[in-house]
Amino acid sequence: MKKKSGLSFLWLSAVAFVIDLLTKYLVTQNFELYESVNILPVFNLTYARNTGAAFSFLAEHGGWQKYFFIALALIISAVLVYLLRKNSARQKLQNSAYALIIGGALANMADRAYHGFVVDFFDFYWREWHYPVFNVADIAICVGVGLLILDSFKNGEKKANEQ
C-alpha cells in the first residue's frame, strides 16, 4: 500500500491563494488607490500597490523585477511541491509550512502577472510610524516560514534526545 505524501496538504495552498485573491479583489473594487479606512487605533485598511517584494524591496527598478519575482515564485513553488511529494503526510508542520508558502507565493505571483504589482492593504501603525502595508499572501508566507523554524527546533530537539 502506497503511503500518503505531503501533497495532500496542497488544499492549504488553495485556501491561502483564494482568500488572498478574494480580499485583494474586494479592496480594489471598494477603495481608491491609497484610500484608507481606520479600523482600530493602530490599524487601517489602506489600498496600496507594491511593484517590489516584501517592504517594497526593488520597487523602483524599472520593471524587470516583475519577471524576476514571477520566476522566483514559480521556482520556489516547484521546489516546495517536490519536497511535499517526498514528505510523508505525517510531517504535518513541515507540510503545512510548505503549503502556506506555495499559496502565498503563487497568489502574489498571480497578482503581479495580472496587474504588474501586488495589492497590499493591511496597514498597522503606531502614532506616525507605519509598518509596511501587506496582504493575506504575505501572512501565509510568514506563517509558513515561522512553522519551518518551529519544525527545525522540534526536529533538533528530537535528534538531540535520540543521541
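In case you wondered, yes, glycine gets a Cβ from its N, Cα and C as well.
Positions annotated as transmembrane segment by Swiss-Prot: 7-27 (among others).
For 64-84 (among others), the entry in Swiss-Prot reads transmembrane segment. Sequence-remote contacts of a segment are chain residues at least 6 beyond its ends whose Cβ falls under 8 Å from one of its Cβ atoms, and for the transmembrane segment (64-84) they are 5-7, 9-10, 51-53, 58, 95, 98-99, 101-102, 105-106, 108-109, 112-113, 116.
Look at Swiss-Prot and you will find 99-119 (among others) tagged as transmembrane segment, backed by sequence analysis.
In three-state terms derived from DSSP, Asp120 (active site) belongs to an extended strand segment. Around Asp120 (active site), the C-beta neighbours below 8 angstroms that are at least 6 residues distant in the chain are Thr46, Ala48, Arg49, Asn50, Pro132, Val133, Phe134, Asn135, Asp138. Summarising the annotation, Swiss-Prot assigns active site to Asp120 (among others) and lists sequence analysis as the type of evidence.
Residues or ranges marked as transmembrane segment by Swiss-Prot: 133-153 (among others).
In this structure, Asp138 (active site) is part of a helix by DSSP. If you look up Swiss-Prot, you'll see Asp138 (among others) marked as active site.
Through the fold, the transmembrane segment (7-27) approaches residues 45, 47, 81, 84-85, 89, 92, 95-96, 98-100, 102-104, 106-108, 110-111, 119, 121, 135-137, 140 of its own chain, all at least 6 residues removed from its boundaries and within a Cβ separation under 8 Å.
When Cβ atoms from all protein chains are considered, those within 10 Å of Asp138 (active site) total 22, not counting its own.
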